[in-house]
Structure formats: C-alpha cells, structure tokens
Amino acid sequence: MLDIKWIRENPEKLDKALVSRGLEPQAERLIQLDFARRSHVAKVQLAQERRNAVSKEIGQALAVSDEKMAERLRSEVEELKVFLSSATAEEKQLTESLEKILSALPNIPLDDVPEGKDESDNVVIRHFGLPPTFNFTPKEHFDLGQDLKQMNFERASRLSGTRFTVLSGALARLERALGQFMLDVHVNEHGYTEVSVPLLVRDEIVYGAAQLPKFAEDLFQTTDGRWLISTAEVPLTNLVNDEILEVSDLPLRFSSLSPCFRSEAGAAGRDTRGMLRQHQFWKVEMVSITSEEQSLMELERMTECAEDILKRLGLPFRTVVLSTGDMGFAARKTYDIEVWLPGQECYREISSCSVCGDFQGRRMNARYRKEGDKKLHFVHSLNGSGTAVGRCLIAVLENYQQADGSIIVPDVLQPYMGGMRCISA
C-alpha cells in the first residue's frame with residue numbers, strides 16, 4: 001500500500017507513475033478525500049476535548065449547587081454525543097473509502113524502470129548460453145512426455161478438469177528432483193532458510209502480500225473462507241506480519257518448495273496445451289525481508305541466485321527488466337528470467353524477481369528499528385521464483401531431447417535420480 005503522506009507531498013509523481021502503468025491519475029481525488037478525513041478527525045478530537053471539559057464543569061457547577069448551569073452543561077454534553085456519533089461514523093466511512101482506493105493502487109516504479117505499455121517494451125539485459133541445434137525437428141514437451149507414456153493429460157482431465165497433468169515414472173521423479181535440487185542450492189549455497197509453509201491462509205495474509213482485493217478472481221477460496229496459496233511468497237512474506245525487527249537481524253532470507261494454486265481466470269485461451277499454465281504446480285520461492293538501504297542490492301543478488309539454477313542445469317536463458325506496463329502490482333522493479341524452449345522456438349518466463357519497497361511491509365504492519373533511531377520503519381520485501389518447477393521440467397525435456405525421443409538427464413540432477421542418465425519409453 002502507498003503512503004498517503006507521500007501522495008500529499010508528491011501528487012505529480014503518483015499520477016505520472018499511474019499513467020506509466022496505463023491507469024488514470026488519482027492524486028487529486030485521494031488528496032481531497034484525505035483532507036475531508038483529516039478534517040473530520042480534527043473535529044472529532046475537538047468535540048471530545050470539549051465533552052471532557054464540560055463534564056468537569058458539570059461537577060464544578062454541582063459543587064456550588066448551580067443546578068441551572070449544570071443542566072445547561074448536560075444539554076451541551078448530549079449535543080456533543082450526538083455530534084460525535086455522526087462525525088465518527090463519517091470519519092470511519094471516509095477512512096474506509098480512502099483505504100479501499102489505496103488498496104487498489106499499484107506500487108510506484110523505480111526511476112530506472114523502462115516506460116512502456118506491455119511486454120513488447122521490456123528490455124533484455126543479458127543472455128546465457130546458446131539455443132541448442134538439432135539435426136531433427138525438436139518436439140514440444142507435451143509430445144515428448146506423451147510419447148514417453150509418462151505425461152498424461154487425458155487422465156488428469158478425468159480427475160480434475162483442464163489445466164492439470166499426471167506425471168508418472170521417471171518424469172514424476174524428475175519433477176521431484178528438480179524441486180529438491182533447487183531448494184538444496186538456495187539453502188546450502190545461497191544462504192536462504194528453508195521453510196515449510198501452510199498452503200491455506202487467511203484473508204489478511206493474502207492482503208498483506210498485496211493479492212487481495214485486486215486478484216481475488218485469480219485465487220481459489222475454500223468453503224471456510226481461507227485461500228489456497230498462489231505462491232509461497234504469500235506465507236513467506238507474512239512470516240514477519242505485525243512484527244518489529246531489529247535492523248541487525250536483516251536481511252532475512254526464506255525459501256520454500258510448495259504446490260501453488262491459480263485459477264488462471266485471465267488466461268482463457270492461452271497455453272491451453274501442456275504444462276505451461278496449470279491450476280496446480282510446484283515452485284521454489286525465494287523471499288527476502290530487508291531494510292530500505294539493503295533492498296536494491298538484494299534484488300540483484302536474488303536474480304543471480306535464480307540465474308544460477310539455470311546455469312547449473314545448462315539451460316539457455318535471457319534476463320529482461322520489465323517495463324512499467326508489464327510489471328506486477330506490488331513491484332517497484334522486476335527482472336524476468338526467460339528460458340529457451342526449442343519446441344516453441346522462443347523464450348518463456350521461468351522466474352520473476354521483484355523488489356517491492358515497503359509496499360507489502362505497510363500492508364503487513366511489519367517494521368524494523370534502526371540502531372540509535374527511535375522511529376520505526378516499514379520493512380522492504382523482495383520475492384523471486386527460484387524457479388517454477390513445472391516450467392523447468394518443460395525446459396529440460398525440450399533442451400535435452402534426443403532424436404529417438406529420449407531425454408538426457410542433466411548432470412546435476414543425476415544424483416537425485418538414482419544415477420539415471422537417460423529417460424526413455
């Protein structure tokens with residue numbers, strides 16, 4: 001959530017940022033609403049002070065047996081009670097209206113984020129590896145998996161409907177191996193603490209991660225009102241919800257391998273074949289909680305951690321910085337890592353690493369104390385995929401496919417596969 005004080009002091013910056021994200025200016029409306037709210041707050045405070053003063057005067061009047069004065073003062077107290085009831089209700093309504101608008105506003109892009117309307121304006125900043133060359137026409141992952149008889153969409157559809165997959169045999173083991181490999185690298189070498197998180201969370205937790213109220217239709221809600229997590233970012237970020245940390249404890253780095261659940265409400269007709277866009281998938285998530293001074297350097301570090309996974313797997317990729325029009329709701333800056341898929345002959349997103357500033361910290365009321373500073377500051381948060389396991393499985397299948405339809409197992413995964421070097425039918 002954005003700081004209304006910052007908006008009052010920087011209305012032009014807010015409107016410029018919103019326009020760069022393809023939204024209408026909001027500063028004037030917000031400032032007017034905030035002025036009305038603060039005016040009501042001031043009126044309520046004055047009325048409360050007057051009511052307290054009059055109550056004392058009633059006692060003084062009774063002490064000298066001035067019943068007439070006491071009665072007049074009692075009438076004033078009753079009038080103040082009526083006024084306070086009305087003014088407090090109006091103040092509450094104005095506060096709720098202001099918070100509703102603020103909750104729907106996206107974060108402010110950093111100055112070095114390229115302006116643009118969509119993904120076509122993203123900027124490639126580096127490449128790793130070259131796309132492999134084949135002496136045959138490479139297949140897409142769903143053809144490879146079905147030819148191996150270890151990837152079944154028909155059975156998954158009978159079980160759960162569209163956008164689900166049943167993996168079996170070596171491909172099921174490969175999926176598990178990828179997740180374990182990624183988590184091991186992040187925990188043992190990249191300095192993250194492994195966390196096993198709940199898959200069901202409450203409203204305020206999803207709100208704290210800035211996925212409610214805006215993205216409710218993209219989530220699955222249970223009959224008791226809780227939400228299935230769309231990413232482990234949601235519970236990991238909220239581990240510090242409503243806490244006060246010491247700056248010496250920062251940065252905190254968490255990583256989790258978890259299932260993720262998404263309704264894909266806005267993806268109708270896109271990537272309907274295969275495993276690219278599923279209602280349920282595994283992902284390794286990285287989350288960092290930092291001070292303001294640490295956050296930008298942490299973004300570079302986190303992105304390098306995600307890139308390292310793909311380098312070890314020998315997968316060609318490129319890293320792009322997202323434009324203002326393509327960036328996520330809570331992000332101030334985002335790097336997408338896109339892996340090469342020979343079957344599609346294009347790069348596809350496999351990881352997204354974002355710095356959110358204090359946007360989530362403010363919603364979570366998560367703060368930290370600087371040394372020698374009595375003032376509390378909202379924490380800064382970052383999140384990144386390290387990486388999406390299903391998409392990484394796709395990339396391994398397509399980049400390591402052989403002419404006979406078999407799949408070479410990358411060297412780093414062979415210990416997780418019981419020494420298996422090749423997957424075949």
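Every residue gets a Cβ built from N, Cα and C, even glycine.
What Swiss-Prot annotates here:
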BINDING   THR231, ALA232, GLU233, GLU285, SER385  L-serine binding site
BINDING   ARG262, SER263, GLU264, GLU349, ILE350, SER351, SER352  ATP binding site
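Projection of Swiss-Prot feature records onto the structure.
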| residue | record | DSSP class |
| --- | --- | --- |
| THR231 | L-serine binding site | coil |
| ARG262 | ATP binding site | coil |
| GLU285 | L-serine binding site | strand |
| GLU349 | ATP binding site | strand |
| SER385 | L-serine binding site | strand |
Fewest other Cβ atoms within 10 Å: which of the binding-site residues THR231, SER263, SER351, SER352, SER385 wins that one? Let me know. SER263
For the binding-site residues GLU233, GLU264, GLU285, GLU349, which one has the sparsest Cβ surroundings, going by other Cβ atoms within 10 Å? GLU264
Based on Cα coordinates, which of the following binding-site residues are within 10 Å of ARG262 (ATP binding site): ALA232, GLU233, GLU285, SER385? none
Which number gives the other C-beta atoms within 10 angstroms of the C-beta of ALA232 (L-serine binding site), all protein chains shown included? 27
Suppose the L-serine site is THR231, ALA232, GLU233, GLU285, SER385. Which further residues of the same chain have a Cβ inside 8 angstroms of that site's Cβ centroid? VAL234, LEU236, SER256, SER258, CYS260, LYS283, VAL284, MET286, VAL287, ASN383, GLY384
Between the C-alpha atoms of GLU233 (L-serine binding site) and SER351 (ATP binding site), the distance in angstrom, to the nearest integer, is 13
One of the binding-site residues GLU349, ILE350, SER351 has its Cα closest to the Cα of GLU285 (L-serine binding site), namely SER351
Binding residues THR231, ALA232, GLU233, GLU285, SER385 (L-serine) - maximum C-alpha distance in whole Å: 9
Rounded to the nearest Å, what's the C-alpha distance separating SER352 (ATP binding site) and SER385 (L-serine binding site)? Just drop the number here, would you? 6
For SER385 (L-serine binding site), the closest of the binding-site residues by C-alpha position, picking from GLU264, GLU349, ILE350, is ILE350
Return the residues near ILE350 (ATP binding site), defined as same-chain residues 6+ apart in sequence whose C-beta is under 8 angstroms from its C-beta, sorted by sequence, else 'none'. LEU310, PHE317, ILE337, GLU338, VAL339, SER385, THR387, ALA388, ARG391, CYS392, ALA395
